[in-house]
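Below is a structure I'd like to ask you about.
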Amino acid sequence: MTKPASRFFIAPSLLWGLVGLAAIALSLWQAGLFRQAVFNLNGFPLLWRFVVASVHPDVSRNLLDITLRASLVTLAYAVCGTFFSVVIGAVAGVFCSEVWWLEVLQANHFRYAGFQIIRALLAFPRAIHELIWGLFFLNIWGLDPLVAVVAIAIPFGAITAKVFSEILDETPRQPLLALINSGVAPLAAFLYTLLPQAFLNLLSYSFYRFECSIRAAAVLGIIGAGGLGYEILLSLQSLRYEQLWTFFYALFFLNGCVDFASAALRTQLGCASRIDLNAHHPPSRNRQNSHRIFGLFPIAIAGVALSFWYIQPDFSKVWSPRSQQLFNQIVQASLPLDFSALPHLMPLSLETVAMSVLAIAIAAIGGLLLAFPATQNFFLLSRVLNRYRGDRLLPHVMLATARIVLLLCRAIPAPIWALVALYVLFPGILPGAVGLGLHNLGILGRLFAEVIENLEQPPLEALKAGGAPDSLVFLYGVLPLTMPRFLAYTLYRWEVCMRETVIVGLVGAGGLGRALTEQLSSFDYPSLGVTLSAFLVLTFLVDWISATVRRSLRASS
Amino acid sequence: MSSAPVISLDRVTFRFGQFVALADVSLHIGMGQRVALVGSSGAGKSTLIRLMNGTLQPTQGEIRAFGQELSQLKPQRLRQIQRQIGTIYQQLHLVDNLRVIHNVNAGHLGRWSFWKALISLVVPLDLPTATNALTQVGILEKLYERTDRLSGGQQQRVAIARVLVQDPLVILADEPISSLDPQLSRDVMELLCQICEPSNRSLVVSLHNIEFALRYCDRIIALRHGRLLFDAPTGSVSNEMIADLYRL
């Protein structure tokens with residue numbers, strides 16, 4: 001890293017910001033803006049009907065019954081999916097952590113290479129979106145709840161494994177080494193030091209995964225797995241907006257409860273944020289409360305058991321001869337791969353990247369605008385801004401509105417948003433980007449708000465005490481302190497957006513995702529293999545860019 | 001010695017919820033005085049400093065700075081008063097990931113317009129003032145360094161340079177040397193005296209170490225459990241008074 005020695009030194013954040021703006025401009029061009037009509041004015045009456053229906057959802061007895069059952073199905077998918085992903089994550093996470101290989105197994109170079117290979121292999125299940133897994137297993141197992149559970153468990157298990165291993169690696173190692181050096185068996189030392197130290201962070205992340213699982217379960221409904229996503233799609237296709245909004249509100253409520261419970265738990269545990277991308281995972285404070293958490297275990301176990309009972313996934317299908325036969329058929333059908341479509345993949349790849357860039361731009365800008373009013377401490381309780389809050393109603397109203405909008409945005413699955421956007425936008429990557437953007441806006445806004453809530457107050461207090469007006473406290477204090485984290489979250493979410501382009505592809509939003517879902521449902525396995533490979537390459541490329549930018553920002557700004 | 005007091009507290013009480021941090025404290029700080037605030041941790045020194053610079057408002061009693069009662073002022077007017085009160089904090093309170101120049105220039109923020117401040121974040125403005133201040137505190141070579149790359153002592157100097165740029169009539173320093181070694185502590189105390197003496201600024205500095213208080217200040221205010229124990233010129237502070245201060 002070079003020494004910033006001049007007055008005209010351009011910070012990397014500014015430089016990357018300009019690169020980002022250029023990427024957005026190019027993506028807009030790719031989306032056809034400035035070149036062709038993008039708005040379909042004829043669709044506005046339909047959009048209006050959709051909006052108006054929000055104030056009178058269908059509350060007939062019959063539909064409420066359906067809603068309740070669908071909500072329980074979605075919840076149960078999420079619970080079972082999370083259960084498996086945490087189990088997979090816990091086992092694989094330990095085996096993928098550097099500390100396990102270096103300190104516990106005391107690996108030599110040869111074994112260390114093995115560790116790196118395992119870690120790299122995990123990137124594959126992670127890169128493929130749960131929807132693709134879902135469609136794949138649908139072809140083998142047919143419509144069974146098992147499809148939804150496994151489709152969540154595989155990619156989420158791999159992500160959880162990665163995060164768990166990172167948490168373990170970032171937990172201070174000295175206590176572990178102290179025990180190993182004093183002759184304690186490595187495994188016992190591991191169980192007595194690293195695991196309890198990291199436990200709260202692992203638990204906190206598991207709950208974050210649960211929040212994600214709820215959203216994934218809703219999306220999987222769309223491919224026919226049942227639950228709220230399925231009902232929403234049916235109502236949307238038959239233009240029954242009143243019913244649609246009933247399901248929306250149910251999803252809204254479900255997401256709200258889970259987010260709220262998970263946040264309350266984190267406060268109990270003393271974990272500041274859901275996922276901390278910038279820093280290490282320091283051992284959580286507030287230990288005295290942590291033993292209470294063990295009281296939750298019986299409840300969690302009961303919840304998992306009830307969920308399995310409610311959806312009754314047919315596990316025998318996993319090993320049944322029929323499944324194996326179908327699986328073999330798919331493998332045989334997909335070989336040899338059909339590279340004839342390769343030339344078409346290049347423009348599709350560009351579309352996909354453009355869609356992800358536009359989506360994250362929408363999400364980041366919207367999230368930024370909503371995050372500040374959605375923060376408890378910013379306008380409301382702060383000693384920093386608004387010392388004289390004459391009118392206390394306005395901040396309350398802003399807080400509630402911003403939070404509701406964020407929750408609504410993230411509760412509704414991206415493909416549903418994309419379908420809504422299709423009322424007024426011509427088909428193409430733009431409605432897909434709007435759908436993904438709106439959904440991720442809700443998630444990003446919540447993450448941003450958390451950054452603001454955890455903002456260090458002292459530097460702001462110092463600026464304020466020197467007589468700086470609020471606008472300048474914001475410019476010289478709040479902005480520089482939050483921006484690096486905002487950027488890190490945005491980049492992380494960009495990687496997610498890239499993977500999620502698949503799910504808006506399902507509703508025809510273009511790019512590789514559309515090709516993938518079409519090939520999957522038409523059993524065109526030879527082409528599918530090629531498209532999937534292209535998608536994987538693209539995903540890894542985006543991950544690499546994002547990681548590079550994040551590293552450069554962390555090092556210098 | 002002093003004409004009208006610069007800052008005065010009249011029967012000030014401050015409570016955090018049920019906890020009484022300061023009880024019934026009255027005192028006046030005169031122009032050009034060098035005052036040490038002493039007392040064990042939790043005696044109310046930091047609270048007193050935060051009350052004096054208008055960050056906190058007293059639960060009871062009134063605080064005047066330059067004749068104006070702080071709690072009665074509109075935000076705009078309060079900021080004008082606050083520009084004349086520079087504060088150096090125990091925990092530095094700098095914006096870590098900005099470069100030193102911007103933290104130093106933050107001393108201008110009470111006067112600068114929004115646009116000037118915004119432009120300065122991209123191309124730092126008013127370099128002469130900043131270089132002058134950093135030269136005075138002896139770390140001019142760190143001008144464009146990122147603040148969190150500096151050592152604790154250097155960061156303390158950045159905080160002092162920021163106050164120099166602010167150019168206030170009163171400097172409040174909350175335990176400015178608590179985390180420094182003896183040599184650095186002496187340097188920082190001497191620096192604080194240097195920047196106050198010629199311009200006849202008042203200095204209020206809270207100190208853990210009574211030796212430093214006796215050596216560098218001409219008046220000692222002692223707090224114990226949130227109450228004023230004594231307030232006397234340095235010359236008349238006896239060993240018994242000090243022993244009484246730290247008695248449990």
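Residue 1 is the first one shown; counting continues down the chain.
Glycine is treated like the rest: Cβ placed from N, Cα and C.
Got these off TrEMBL a minute ago, pasting:
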{"type": "DOMAIN", "residues": "A:71-266", "note": "domain 'ABC transmembrane type-1'"}
{"type": "DOMAIN", "residues": "A:349-546", "note": "domain 'ABC transmembrane type-1'"}
{"type": "TRANSMEM", "residues": "A:37-55", "note": "transmembrane segment"}
{"type": "TRANSMEM", "residues": "A:75-101", "note": "transmembrane segment"}
{"type": "TRANSMEM", "residues": "A:113-138", "note": "transmembrane segment"}
{"type": "TRANSMEM", "residues": "A:145-164", "note": "transmembrane segment"}
{"type": "TRANSMEM", "residues": "A:176-195", "note": "transmembrane segment"}
{"type": "TRANSMEM", "residues": "A:216-234", "note": "transmembrane segment"}
{"type": "TRANSMEM", "residues": "A:246-265", "note": "transmembrane segment"}
{"type": "TRANSMEM", "residues": "A:293-311", "note": "transmembrane segment"}
{"type": "TRANSMEM", "residues": "A:353-372", "note": "transmembrane segment"}
{"type": "TRANSMEM", "residues": "A:419-438", "note": "transmembrane segment"}
{"type": "TRANSMEM", "residues": "A:473-492", "note": "transmembrane segment"}
{"type": "TRANSMEM", "residues": "A:525-545", "note": "transmembrane segment"}
May I ask you to check whether the transmembrane segment (A:525-545) and the transmembrane segment (A:113-138) make contact, with contact taken as at least three Cβ pairs under 8 Å and only pairs 6 or more apart in sequence counted?
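In this chain the transmembrane segment (A:525-545) contacts the transmembrane segment (A:113-138) - 3 or more Cβ pairs sit under 8 Å.
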Test of understanding: applying the rule of at least three C-beta pairs under 8 Å (pairs 6 or more apart in sequence), is the transmembrane segment (A:419-438) touching the transmembrane segment (A:293-311)?
no
Please report, as numbers and ranges, the same-chain residues at least 6 past the borders of the transmembrane segment (A:353-372) whose CB is under 8 Å from any CB of it.
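Residues packing against the transmembrane segment (A:353-372) from afar: 20, 23-24, 26-28, 30-31, 378-379, 402, 405-406, 409, 429-430, 432-449, 451-452, 486, 490, 493-494, 497-498, 500-501, 504, 509-511, 538, 542.
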Determine which residues of the chain contact the transmembrane segment (A:37-55) at the Cβ level, with the cut-off under 8 Å and only residues 6 or more beyond its ends counted.
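Apart from its flanks, the transmembrane segment (A:37-55) reaches 31, 239, 241-242, 244-245, 248, 420, 422-426, 428, 430.
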